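Undergrad: Copying in the features that TrEMBL gives for the protein in this structure:
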ACT_SITE  ASP67  active site, proton acceptor
BINDING   HIS63, HIS65, HIS141, ASP209  Zn(2+) 1 binding site
BINDING   ASP67, HIS68, ASP209, HIS267  Zn(2+) 2 binding site
DOMAIN    21-211  domain 'Metallo-beta-lactamase'
Amino acid sequence: MSVRELVVLGTSSAVPTRHRNHNGYLLRWDGEGFLFDPGEGTQRQMLHAGVSAHDVTWICVTHFHGDHCLGVPGVVQRIARDKVAHEVRAAYPASGETYWRRLRNASAFADTDVITPRPVSGELTRWPSGPVTLTARPLSHPVQSYGYRVDEPAGRRMLPGELARRGVRGPMIGELQRRGSLTLPDGSVVTMEDCSAPRPGQSAAFVMDTRLCDGAFALAEGVDLLVIESTFLSGESALAAQYGHLTAEQAGRIAAAGGVRRLVLTHFSERYTTADEPRFVDEVRKTYSGEVVTARDLMRVPVPRRSAEAGG
Ligand SMILES: [Zn+2]
Ligand SMILES: [Zn+2]
């Protein structure tokens, strides 16, 4: 069964709090598992969330501030200890190669050769990965930061009613899908267009530590699920500007511009408590009318199904 969901492992910026671990997010997508920004404590949070090192196929680090990467050593060593056999690709800003090497080899352990580095540079990087494409784009932060996006290619869904009406059944369906058209015993020709409808691909984006910038808007364009930092409320917009972060209001603007379907706010400053969550939603509501989730540790957020699929 295909699973497409975000498993939230941690939601705090800068320092962990009693209720929020440092960052950590596993996007499970069919057989792929994109582990974004494993902060300190991610290995144990994975245990609490019921996900294992075997679920990870990518480690994607946005930047090398500690709240986004100090969990890399624990995750890497757990991948080795648990003898994960599949390749685990690791994307991170190429300018932080020194930090990556330190984190990758932080202490003595029986190493693994399944982790393969994919340093990111430039304006746009794409990697095919199983059923999806992973894209990286630069963000704007005091240190080089990249956001990521996962896209499923558009396809077509078969319409059982149309197939039945034309007498296309059994192995004929596979042949129609392979060849695009089919000649029936009575000589008539049936095409894929007759018996299927366009199915837009699903997509999700991950935008951490950034000011408002073109990369953030491009990553969020048209996605079903946007996970985005909203470190501050607007009352602290001077701090947000100074440290290169977003306010909730700005995160809402990015989601509104992109037509995002489900928005997940996270990376909260330690000055806020869970009692402040409605204030984040209120700020987002000034511009964005879609679904808003204020992330908490160990929450699971499904990638919303496309309405075309729900209708089929
Ligand atoms: Zn951060
Ligand atoms: Zn940062």
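Cβ coordinates come from backbone N, Cα and C, glycine included.
Annotations in TrEMBL come from automatic prediction, not curation.
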Undergrad: Cα of HIS141 (Zn(2+) 1 binding site) to Cα of HIS267 (Zn(2+) 2 binding site): how many Å, rounded?
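TA: Roughly 14 Å, rounded to the nearest whole number.
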Undergrad: Taking ligand 1 as the reference, state which of the recorded positions HIS63, HIS65, ASP67, HIS141, ASP209 have a Cβ closer than 6 Å to one of its atoms.
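TA: By the Cβ criterion, which requires under 6 Å to ligand 1, the hits are HIS65, ASP67, ASP209.
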Undergrad: Listed recorded positions are ASP67, ASP209, HIS267; which sit with C-beta under 6 angstroms of ligand 2?
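TA: The recorded positions passing the 6 Å Cβ test are ASP209.
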Undergrad: Using the Cβ centroid of ASP67, HIS68, ASP209, HIS267 as the reference point for the Zn(2+) 2 site, which residues of the same chain not in that list have Cβ within 8 Å?
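TA: Filtered neighbour residues, in order: SER13, ALA14, ASN23, ASP37, GLY39, THR62, HIS63, HIS65, MET208, GLU229.
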Undergrad: Would you mind listing, in sequence order, the residues at least six apart from ASP67 (active site, proton acceptor) in the same chain with a Cβ closer than 8 Å to its Cβ?
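TA: Spatial neighbours, sequence-distant, of ASP67 (active site, proton acceptor): SER12, SER13, ALA14, VAL15, HIS22, ASN23, ASP37, GLY39, GLU40, HIS267.
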Undergrad: For ASP209 (Zn(2+) 1 binding site), list the number of other Cβ atoms lying within 10 Å of its Cβ atom.
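TA: I count 27 other Cβ atoms within 10 Å of it.
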Undergrad: Any idea what DSSP makes of HIS63 (Zn(2+) 1 binding site), helix, strand or coil?
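TA: Note: HIS63 (Zn(2+) 1 binding site) is coil by DSSP, not helix or strand.
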Undergrad: Compute the mean position of the Cβ atoms of HIS63, HIS65, HIS141, ASP209, which form the recorded Zn(2+) 1 site, and then list in sequence order the other residues of that chain whose Cβ is within 8 Å of it.
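TA: Neighbours found: THR62, PHE64, HIS68, LEU139, PRO142, VAL143, SER145, MET208, THR210, GLY244.
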Undergrad: Out of HIS63, HIS141, give me whichever of these binding-site residues has the highest number of other Cβ atoms within 10 Å.
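TA: Sorting the candidates by Cβ neighbours within 10 Å, the top entry is HIS63.
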Undergrad: Which residue, of the binding-site residues HIS65, HIS68, has its CB surrounded by the fewest other CB atoms within 10 A?
TA: HIS65
Undergrad: Within 10 Å of the Cβ of HIS267 (Zn(2+) 2 binding site), how many other Cβ atoms can you find? Include all protein chains, please.
TA: 29
Undergrad: Mean pLDDT over the domain 'Metallo-beta-lactamase' (21-211): what is the value?
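TA: Overall, the domain 'Metallo-beta-lactamase' (21-211) comes to a mean pLDDT of 96.
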Undergrad: Whole-number Å distance between the CA of HIS68 (Zn(2+) 2 binding site) and the CA of ASP209 (Zn(2+) 1 binding site)?
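TA: The separation of the Cα atoms works out to 9 Å.
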